[in-house]
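Student: Swiss-Prot lists Gln284, Glu298 with the feature Mg(2+) 1 binding site. The annotation Mg(2+) 2 binding site is assigned in Swiss-Prot to Glu298, Asn300 on the grounds of sequence analysis. For Gln820, Glu832, the entry in Swiss-Prot reads Mn(2+) 3 binding site. Positions annotated as Mg(2+) 3 binding site by Swiss-Prot, on the basis of sequence analysis: Gln820, Glu832. Look at Swiss-Prot and you will find 1-401 tagged as region 'Carboxyphosphate synthetic domain'. If you look up Swiss-Prot, you'll see 402-546 marked as region 'Oligomerization domain'. Taken from Swiss-Prot, the feature region 'Carbamoyl phosphate synthetic domain' covers 547-929, and the record attributes it to sequence analysis. Taken from Swiss-Prot, the feature region 'Allosteric domain' applies to 930-1058, supported by sequence analysis.
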Amino acid sequence: MPKRTDIQKIMVIGSGPIIIGQAAEFDYAGTQACLSLKEEGYEVVLVNSNPATIMTDKEIADKVYIEPITLEFVTRILRKEGPDALLPTLGGQTGLNMAMELSKNGILDELGVELLGTKLSAIDQAEDRDLFKQLMEELEQPIPESEIVNTVEEAVAFAATIGYPVIVRPAFTLGGTGGGMCANEKELREITENGLKLSPVTQCLIERSIAGFKEIEYEVMRDSADNALVVCNMENFDPVGIHTGDSIVFAPAQTMSDYENQMLRDASLSIIRALKIEGGCNVQLALDPNSFKYYVIEVNPRVSRSSALASKATGYPIAKLAAKIAVGLTLDEVINPVTGSTYAMFEPALDYVVAKIPRFPFDKFEKGERRLGTQMKATGEVMAIGRNIEESLLKACRSLEIGVHHNEIPELAAVSDDTLIEKVVKAQDDRLFYVSEAIRRGYTPEEIAELTKIDIFYLDKLLHIFEIEQELGAHPQDLEVLKTAKLNGFSDRKIAELWGTTDDKVRQLRLENKIVPVYKMVDTCAAEFDSETPYFYSTYGWENESIKSDKESVLVLGSGPIRIGQGVEFDYATVHSVKAIQAAGYEAIIMNSNPETVSTDFSVSDKLYFEPLTFEDVMNVIDLEQPKGVIVQFGGQTAINLAEPLAKAGVTILGTQVADLDRAEDRDLFEQALKELDIPQPPGQTATNEEEAALAARKIGFPVLVRPSYVLGGRAMEIVENEEDLRSYMRTAVKASPDHPVLVDSYIVGQECEVDAISDGKNVLIPGIMEHIERAGVHSGDSMAVYPPQTLSQKVQETIADYTKRLAIGLHCLGMMNIQFVIKDEKVYVIEVNPRASRTVPFLSKVTNIPMAQVATKLILGQSLSELGYQNGLYPESTRVHIKAPVFSFTKLAKVDSLLGPEMKSTGEVMGSDATLEKALYKAFEASYLHLPTFGNVVFTIADDAKEEALNLARRFQNIGYGILATEGTAAFFASHGLQAQPVGKIGDDDKDIPSFVRKGRIQAIINTVGTKRTADEDGEQIRRSAIEHGVPLFTALDTANAMLKVLESRSFVTEAI
C-alpha cells in the first residue's frame, strides 16, 4: 500500500528528559523517525522538552518546540499547528501517556487529529493489566496467574491464595517503577502501597513469581497489510526476576532449541497481530528451562530500549521503518537501507554474537540499594560484538568504564566464601564479577546454575575464560596461547598481568607476529547479500572487511555509556563534530560503545567502529585507518583520559594539546597558569594525606570544599565545616596518594555561573554566560541555569568575558572550553576550567543558534572564527529568557539521598523558554515534573544557618495563600519573628510527623535544608524519601524554592479587604 496522501502534517511527541528507564534510545528513535517522515515529504512538528538531544535540533523537523510535555502545552501546540495526525510511539512511556491523556480529555476528537502507529485500544490493551490479561486469554497465550488490585488488602488476600513469592507490577509506569518481588506479606504491603501511589490509575497487578525461568525478548514489526516479522530475539543472561534493562543480554538468543524458538516466535507474531500494531513492538516471554512451558510477561506497543539494542545489534533501523509504516507504507515496499538492495520484509540474520551490559550509577551513589529486581536502576548500557560469547562479553566488560578490563574485579579475591555465595545468589549490579570469582575458586558451573538459575551454557563460557587465564599463566610469551586468548576477547592488559609484563610489550609481540584484529561488517544478512553499510566490529580471524579509503580521515572518540555526570549531551557534541568534519571534506570516523545513541547510528558517520573506548581498541583502529588525527574534546572524560596515552604512542591529537589539557586538570600547573594570567581563584592547596589536608584547611580557614583531582560530575566532592569532618572524609571518601592528590579549597558562598567558549588560538567566541539559580555548593549539573544572566552587573559580565579570553589564549585552547566562576561582592573567582565540550553545549547551542560543536570542530581543522563570521568576545544576548533545569531519577534509586550538594545526581535536563524569567521558570518546573498547586501547605525544616532566609520565603508563601507548617526548631524561630507556623513532628511522632502528613496528602511542598556537618541526618533523609515516594515537590536549596515562589507570585492575585 503506498503512503497516505490524506495527511500532510504530523506531530511527533518526544520522550522528554532522560531518566532511568528512558534514556538516549528515544533520542535515537525520534531523530530517525522525524527524518524518515521528512524524507517521505510530510511536514513534521516535534514537541520535546529535552534540549540535550539531536532530536530537538532545528534541522530534524520542520518545526521544533522545546516545551513541557504536559496536557496544557501540548494542547496549545496542537491548536496552533493543527496537524492531521499524531505519532506518539517514539516518545517512550512519556509519549504514550501523553497520547492517552489527550484522547481522554477529548482534545484529539475536538481537533480531528488521528493517532498513527498504535491505536489507543492497543496501547490500552498492552498497558492496562486487566485488558492485557483478557486479550492473552482470548489468544490462548499463557500468562502467570494474577489479579488486578486497587487496595493493599486485596493484594494480601490474593497472595494468600497463590502463595509467595509474588511480583507487583503497577499499571502505566515506566521501567518497573514502584514494582518489585515480595517474599512475604510485610514486603507485599510495603511495595503495593507504593505501587498504587505511583500508578496514574491506582492499579497494580499481583502475579505469581516465575523467577528462575529464562527471559527471552522478541523485537517484532508489523505493517497495515498484516505483514509481520521478527527483527531479532534476545536472551537475558539473568533469569526472570531482574528487569531486562538491568540484565546482561545476548543477541541472538543462545540456548533455545529450534522448537522453542519457533514456539515463542509464533506467540510474539500472534500478539502483535492481535493488537493490530503498525510499527515496532517488543514482547517479553519467560521460558521454563525444564519443559516447553512458557509465559508471556509483557508487551511494549512502542519503540523501546530493546528496539534500540536490536537496531544496533542487527543494523535493521526499526524506528526509521516504524515511521514509514505509520504513514501506510508496507514492509515489502520499503528498501532495507543497510543492504540497499533487499526489502525490509527480510528478517535479519546474524553471524556474530552481541552482548549488552548495563551501566549502573552506584559509583556515584555508594549508599544506593544495589539489589536488582523488577525496578530498573541502570542509567545506560554498553554493547559489544564478537564472533563468540567470550569475545563479546569481555569486550563489553572493558567498555563499561568502571575500572575493569576483564570479567574480574581484583578486590573480590579477598571476599569470604560465605559473602561470595550470598552475592552470587542475591543479584546486585556486579553479580557477573562475583560469579566469575566463584568459578575461579573452583565452584562448578552445575553448582552455580543450581544457585542462580543462570543457564549452564553461559557458566561454561565463564569457565572457558578461566581456563584460558590458566593457560596464559602457565605459558608466558607463547604465541599459540596468545592467539587463543585474543580470539576469546582477552585484552592486552589482562594478558600482560598474567605474564608479569607490560601492555606495551604484549602489543609489540602481537604486532611483530601479525596477531592483529580484522574488522567485520554488520550487514543484517550474514553476508548473503552485498551490503553497503560502513558499520564494523573487530575480531581475531581472517579477511578484513574494512577497507581504508583514499580520502583523509578524522577519528572522533565518543563518550561511551550514559552515566550520571556524562550523559547524552556529549553524544550531541560528537554528532555535530562529525557533521563539521564531513563539511570540511574529510572522512569522519566514529568509535563508540553505546547502543542507545545517535552517534552509533551507522548513517551518521562515514564509518562506525562499535568498539570499547580503551587505548588498545582505539590504537587498533588507528593502525588500520591512519587518520589525520583524533578529536577527543567531545567525548567527555572518557575521551580526554585517552589523550595522553594516544599522544605518547605518536598519535596526533587535534585541538587543545595534551600538555595544555594537563595545565587545566593538574592543580599545581593550573594555579601557576592563573597566577601568570593574573586571574583570582579561591585560595586552596593540594594534599596527599590526612595530615597535609588538615594543615591546609587550618591555613585557608573553614568551610572548605574537598575533592579528588581529575573527576567528572563531582564524584566524592564535599563541603566540610570542621577538622573532625575533614579527617573523616580523608579516611573514608577518597584514596589520596601522591599520584592522586586531594584538593582543599576555601568554600566561597556566592553566585555561581559558567561559560562555554570556543577559541581558534587567537580569538575567543563566548556564546553566552549562564547564571546558576542555586548558590555555589550545588554541582553545576544539578543547578538551574539561566541565560542570559538576570542578576549579574555589567561590570561582572565584562570581567567574566575578559577572564575567559585570557584563559582560552593562555591555556592554548583550540576548540571548546568550559569555565565555572563564583562571584562574591562583585569579585569574580575562577573555580574550574574544563578544556573540552561540557554538558551545557546543546542547551547553549539551541538558545544562541550557534552550532558550537560544529564551530569548534572547524577551528580544530584549521579555520578561524573570523572566516566563519564570528566576532571576538561575548555574543549578543537573546531577548527571551531560557532556563535549563535538572531532572532526577530518585524514585528508581532506593536509599539514595535526594539532598543536593557538590556531587552530581541528576540524570537529565529540560528547558523552559519565554519572554520573562517567571514564565520561563514555570515552564522549566512543569517540564521537570515539579508541579505546585496554587494552594495548600508548605512545610519548612531548616538548618540554623538558613532560618533567617527561610523566614522571608515563608512570609511570601503565606501572602499568596499557602498554609505554613514547620518542625519544632524552625517553628519556634518563625514565631519569635511574628510568623505563626503549625508545628509538625519530625520522624516517629506517629501520625503527626511529616511522612504521615505527606501520606495523607496534607503537604504540597517540602523545603528542607541541612547544615554542612557530616553527621548522619537520618530524620532528614526519611523526610526527603517520603517526598520522593509520594511525588511531593522537594526543595533542598532555598534558591530553588525562591525561584518557584517567583512563579507562584506571578500567577497569583492578592485578595485584600479595603
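Every residue, even glycine, has its Cβ placed from backbone N, Cα and C.
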Student: Within 10 Å of Asn300 (Mg(2+) 2 binding site), Cα to Cα, which of the binding-site residues Gln284, Gln820, Glu832 are there?
Tutor: Gln284
Student: Write out the long-range same-chain contacts of Glu298 (Mg(2+) 1 binding site), meaning residues 6 or more apart in sequence whose Cβ is under 8 Å from its Cβ.
Tutor: Ala126, Phe132, Arg169, Val283, Gln284
Student: Mean pLDDT across the region 'Allosteric domain' (930-1058), rounded to an integer, is what?
Tutor: 87
Student: In sequence order, what residues of the same chain, 6+ apart, have a Cβ less than 8 Å from the Cβ of Gln820 (Mn(2+) 3 binding site)?
Tutor: Glu752, Cys753, Glu754, Ser780, Val830, Ile831, Glu832, Val833
